[in-house]
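What TrEMBL says about this protein:
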- Arg111: active site, proton donor (ACT_SITE)
- Trp46, Ala79, Phe80, Glu81, Leu103, Val104, Val105, Ser136: 5-amino-6-(D-ribitylamino)uracil binding site (BINDING)
Amino acid sequence: MTGFASVDYKRNIWYTNTLFYEQEQITGDAEITMNTIKIAFIKAGWHKEIVHNALVGFEKELADQSIAAELKVLEVPGAFEMPLLAKRLAETGKYDAIVCAALVVDGGIYRHDFVAAAVVDGLMNVQLTTNVPVFSVSLTPHNFQPVDVIENFYTEHFIKKGKEAARAVLAIHNLSID
C-alpha cells in the first residue's frame with residue numbers, strides 16, 4: 001500500500017460461506033493504492049474440527065496485519081483431493097496464492113506417510129507448473145489418537161500453522177525478484 005500522510009481509515013471485514021474480505025476505507029487527504037491479495041484456502045474434510053483451525057489462524061494473522069485479502073474457502077473430502085482442486089484453481093488465474101490444510105493420520109488401513117507424500121508432491125507440482133504459490137498446512141502425526149489432550153494439541157498447532165502460512169503467503173507475495 002502506498003499513500004500520503006494524514007490518512008484516517010476504518011477496517012471492515014465481511015464473511016460469507018466462501019469469502020473473507022477485508023478492506024480499508026480511506027477518508028481525508030489521501031492518495032492510496034491498495035492491492036487485495038486473492039487467496040484460495042482448501043481444507044480436507046477428515047478431522048475437519050481440527051483442520052478448520054488452520055483457517056482460523058490464517059484469517060487472524062491477515063486481520064492482525066491489516067491485510068486486504070479476498071479468501072475463497074473450499075472443502076474437499078480428504079487430503080488426496082487437494083492437489084487437483086489446487087491445480088484447477090491455479091489455472092483460473094484468479095488467485096495470487098493457494099493454501100491447503102489437512103490432517104493425515106494412520107488409520108490402520110493404509111500408510112499415511114504415502115498419502116502425505118503424494119499430497120505434498122502434488123501440491124509442489126501444481127505450483128511449479130502453474131507459477132501460483134501453493135502452501136501446505138498438512139500435518140502427519142505418527143501417533144494420533146482421538147483423545148482430548150491430543151486433539152487439543154493439534155487444534156492449537158493448526159492455529160499456529162495457519163498463522164505461519166499467512167506470513168509465508170505475504171512474504172512470497174511481497175517478494176521482488178527484479
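These residue numbers are counts, starting from 1, taken along the chain as shown.
Glycine residues also receive a Cβ, built from the backbone N, Cα and C atoms like all the rest.
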Seminar exercise, completed: Quick tally, other C-beta within 10 angstroms, Ala79, Leu103; top of the binding-site residues is Ala79
For this session: Would you mind listing, in sequence order, the residues at least six apart from Phe80 (5-amino-6-(D-ribitylamino)uracil binding site) in the same chain with a Cβ closer than 8 Å to its Cβ?
Result: Val115, Ala118, Val119
Seminar exercise, completed: Rounded Cα distance, in Å, between Ala79 (5-amino-6-(D-ribitylamino)uracil binding site) and Arg111 (active site, proton donor) is 13
Problem set entry | Binding residues Trp46, Ala79, Phe80, Glu81, Leu103, Val104, Val105, Ser136 (5-amino-6-(D-ribitylamino)uracil) - maximum C-alpha distance in whole Å | 16
Exercise. So how many other Cβ atoms are close to Trp46 (5-amino-6-(D-ribitylamino)uracil binding site), meaning within 10 Å of its Cβ?
Worked result: 17
Exercise. Using Cα coordinates, what distance in whole Å links Arg111 (active site, proton donor) and Val105 (5-amino-6-(D-ribitylamino)uracil binding site)?
Worked result: 9
Seminar exercise, completed: So Glu81 (5-amino-6-(D-ribitylamino)uracil binding site), by the Cβ count within 10 Å over all chains shown, scores 18
Exercise. What is the number of other Cβ atoms found within 10 Å of the Cβ of Ser136 (5-amino-6-(D-ribitylamino)uracil binding site)?
Worked result: 24
Problem set entry | Sparsest-packed among the binding-site residues, when each Cβ's other Cβ atoms within 10 Å are tallied, from Val104, Val105 | Val105
Seminar exercise, completed: Arg111 (active site, proton donor) falls, by DSSP collapsed to helix, strand or coil, into coil
